[in-house]
Every structure is written in C-alpha cells, then in structure tokens.
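Novice: Copied straight from TrEMBL:
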DOMAIN    226-298  domain 'RRM'
DOMAIN    327-402  domain 'RRM'
DOMAIN    450-525  domain 'RRM'
DOMAIN    654-727  domain 'RRM'
C-alpha cells in the first residue's frame, strides 16, 4: 500500500453469535459487513454499503438475532464470505477511481472484527484476504491521541466519544446495527479531521503475514505476553499454532512446542505475543478449535517460556542464526551417519541451507550420536519435499521426519546435554509397596503371549527392536516393549515383548529366531507373562526353569518419567487394580496371616514405552497395565493398630470414576473435569485381569475440597452418553 493518507474505508462487521466486546470469542461466522469511504483530503464520504454474508452453519443465537435484526431466511439468500469480499474490493476500487485516489486504509471501532473474526475465519476457510486487511487504524486509539482526557482507550465507546465532542446521537429510526456504527465512526472521523483538532490518522496497526522463526534470546520475557495452549494434535507445528492464532501478532520465535520426558511433543505449547493486548485477545480463543479438537488457552509466565525456548548452547545459537528458515527434525538416524549421508538421503529436490552447515546433529555429553538431527531449509517447498521421505530407509534404518521449531531444537539439545545416556538407580531409600497377585493372575499369566529376545547388541535401542521385528510390530500391545538392564544399570542384551495373542508370539518366535540385528544374531523364544514378570523383577529364566526374584528391585529400563514421585496415603476403598508390574505371588504358609510385601523402588518405572511419532496427551502420562496385573490392599497392622495402605502416584485427594466407556482415554476424562485444572498425570486408568480397561479410573485432585466439589458437580453426568459414578476416596 503506497500511502495511508488518501482515504479511509470505515468498516464494520457482525457475527452469528457474540458481538460488541465479545466479538469472535465464540467462533461464530461473520453474517454482516458494512463500509463507507471517507476522503481525507476533501472531507467527503462515499456511498454506505451493506452486505449480508451467508455462513456455512445457518444458525444464529438469540442475541445475534435481536441485535442484528437478521433471520436465517435472509442469510440463506446471501453470498458466502469470499464473494462478499470480492464485492467489497470491486466497490471500493470503483469509488476510489471516481474520487481520483490511489490508496486507502481500513478504519474500525476496535480491532476485534479484523483480528478476532475476519482473519481466523478466513484461515479456517483457506481464503486469501486482500492486502488491505493486514493494516488498519482503530478509531478509539486515534481519538485518544487526539483527545487524551476522554479516558482510557479500553473504556472508550462510540457513544462516549460522540458525547465528548458534543455530536448528537442518531435518531432511533436510523439505529440499525451496522449502519449506525459506520455512520457514527464517519461523523467522528470528520469531526477530528476538522478544526480545532486537525488530526492526522497515524496509529497504523499491522497483522503479520506469517510467523517469524528465530531463536529465543535469554533476556527476561514479559509474563503479560505469554500463554500456554493445551490439547494440540500431536502433529501440530509452529505454523499450525500460528494459524490458530491468525490475526494476532506472535513475537519472533515465539512458539515453543513442549516436549515430554521422552523428547516427544506432549500436546502443549507456550506462545509469546508482541504485547499484552494481543495476549489478552489470545485468551479469548480458549476452547476454539484446531480441526476437530478444541484448544485450551491459559496465561503463562516469561520464566516458563524461557525454560522451554531459551538456552545457552552456542552451537544451537549459531545453527538458528539463519533467520526465517523452515526446520525439520530427523529421528532414527544410524549412529554412523555422516552429514554427506544425510544430504544424499534428502536429495537434490530438498537442498539444505548452507549444505552441512544447515545440519545440527544431537549428541550425548560424551559426543556419541543420539540418532536425532535438525535440518534447515530456505523455503516451504524444500521442506515439503523432505517430508515426503518420512520413513524411507537410510542404511538399514527407516528415518522419521517432522516439522520442528527453534524452541524444540533448543529443548532437545538441553535435554541430551544435561542427562546421562543410561539412568542409574536413584540413591533414595526403598518404599514398601504391598502388591499381591491373586490366583486368577497365575492362570492368565501362563498364557504364552510374550516373546523374549536374547543376545541383543548392547547398543540396541527400542527403535532397533521394532525394525528387527518388521511387520510383526503391529501385533505388539501398547507399551509392550520392556528392556532389561543389569545390576549396573547397563543393557543386559535381553528384552521382552508383549504380543496381542499367543499365536502372534509363536509366529514371531518362528520367523525372527536367530535373525541378525546389526552384527549379532538374536534368539527369540515364546514365553508367558508370568515368566516375563519373574525376569523383570530380578529372577532368572534358563534351561533349568524359573528362579524367583530377590526381594529387591533390579535395574530395569531407564525410566521414561518418575513412576511415583512421592507417596500419598489412601483408604482401602481407593485401592483397585492400579496398573503396576505384574508380580507373581510368593507361596505363603497356610497359617500366614498376612501376604508377603514385595519392596518396589517408587522412583523407577519398570517399562520403556516403545516409540511412535510425537503423541497427544491422550496416550501419555499414565501407566498401561500388563495383562494380569492386579494390586489389592495389604493390611499390615502397625503398632497403633492402623492399616498400612499402598502408595499412589500423587499427593492430594482421590476420586474414583465408575461406569466409564471402555474406549475412554485420559483426554476424555480431563475434558469431563474441565475447569479443575487437572494435569494428564493425575489420571490413572484401571485394568482388569485380562489387561483390558475395567471402566474405572482414579483421579488425583489437589485437595479434598476440590475432590468433593467435583463429585458434587459432576456425579452422574454423562461421558460419551453413559452416566459416570464418582466416589471420593479420601475418607
């Protein structure tokens, strides 16, 4: 746009839902656009134009019907938004030509119609907005600049501004929504352009065309500019998040995708905006939709943003110094892969920026490669060509490629550089955990639906096991890969895989036995859950049969995250099949009054979850139970006669949910308890003897008060059409 000084186009819009100060907050579509031209030189006005817009969903709220005076029948005959915008351009261009003017600027009463309604709707409908909608002036800010004593900008209204400069209200007969607002804005603009104000419109606001990438510097970040978005689809990129907040200006490098302890995206992101005004508008998009999922938007702090996006690595800073680059993350690279191998894999149709200088290999503190790398591309086309090579083979491994961000690169580098390759046993004291396997478990556990891999290379990761099993990976149970470490916390060369059935386990044992993995052949044997549990708990499985485990926890797979951060006492009613490691029962003498206590280290997680692309919160942050697992309350008298209760994951009060649909996941339960600020790790799904969901769950609330309030408010409310029963377990 050559100049902003020729003309103003006073612009107004209304939606099928909330209008006024809440315009755009409910995602309703635009149904009305009104505009009129003001010649800034001649102080003349053009024809008042009013257009109805046909929304995709022909539904109006009662409030909208009352305010706009429109009906569904009228809107049905109207043109869709893209056609009305074309009419807007043609009408304005024709009038400008008649006036002999060359440029114009939109003038609005507050930014909501542009930032919260027009841009988000156009983004969802994949409409390309004319350039004029990327720059505008706000009549309130212009009036405040002209008359600073009239009040704060956020407190100004058309009525108060007209009253301040003594312009009379329009007659009631002319107070039709849209026409009234545009006429008032035109009158106000002409008044401040004239004597004694002689105002010049100069507070031009811009809408960014695209997200600016870049590394986050380590200087303090204003907490009034940061939000946390939750519930994002796992495949969301920074560009997807930018589109969700279309119309609002995100700071350079201001999208930080959060990773869980496995280095995978956890469905959350921290977003930094250019100022508090844009942050506050972003909060109004709470529970707006990204595709079919609604996104929760909350306030966050600058410290939280820096924790995710900030870093001190000079290597990362140098890598990300090339601005406005598209970043792709590569996972599963062979440890011997060189920069030239990666460049050859990506090919000539996706050239890397500055060749090998556009590659960042992620390494452990001792210099060993992790199999991860980040790649820079100069444009979207090259990045899309690279993404087409997702799961293609490099060497003997398939490579995963995902869109990434500067913040994600920083997080991954921070994570690997600050933690050792193999987790060692914590030095904390052992906490007693009463776990008793009942007789039905022994019968179920004898089913030979597992396989044991013996003789694995010591460098083998779970990705190598999945590649080794090939087409049989589809038959692995969720979270069914278990790596076994020795007493020194190092790989033992053994692993156990839980398959979906004994037949599948038999087929794997037949087809994969003595198949090569790297330089070694691997032995594959069919076994049962019982035998697997013996070994995972420290026992041995050899030709002589089973040797029971010692009464201490062995070194198991490095924990994905802390299994039980701290103990919390529960009532006996709260104990129902927590999905812990299935533990065979030690035979008891007939006269033994109490079951044996098996001591488990509460800071270790026995299982290593097999990898997948970055996952959504609905599949993370809870423990999946192996088949046959069950824990019952063990009543161990204390000196005072109290009962010792098992320990559960978190402090707080527990609520037991009953009657859940069997396909209900963590995300469904969190949605059921919306407004209680629960984290995914507060949800514990319960399983039956067959390893299937039992229709029950335990929910940890921060306090007994909040737990009782949730039960009172949500008891017998439906989840997927089924009424859910709630019971407080904090008595």
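For all residues, glycine too, the Cβ spot is worked out from N, Cα and C.
TrEMBL: automatically predicted annotations, no manual curation.
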Novice: Can you tell me which of 226-298, 450-525, 654-727 gets the most C-beta pairs within less than 8 Å of the domain 'RRM' (327-402)?
Specialist: 450-525
Novice: For the domain 'RRM' (226-298), what's the mean pLDDT in this predicted model?
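Specialist: The predicted confidence over the domain 'RRM' (226-298), as a mean pLDDT, is 90.
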Novice: What does DSSP give as the helix, strand and coil breakdown of the domain 'RRM' (654-727)?
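Specialist: So the counts come to 21 helix, 26 strand, 27 coil.
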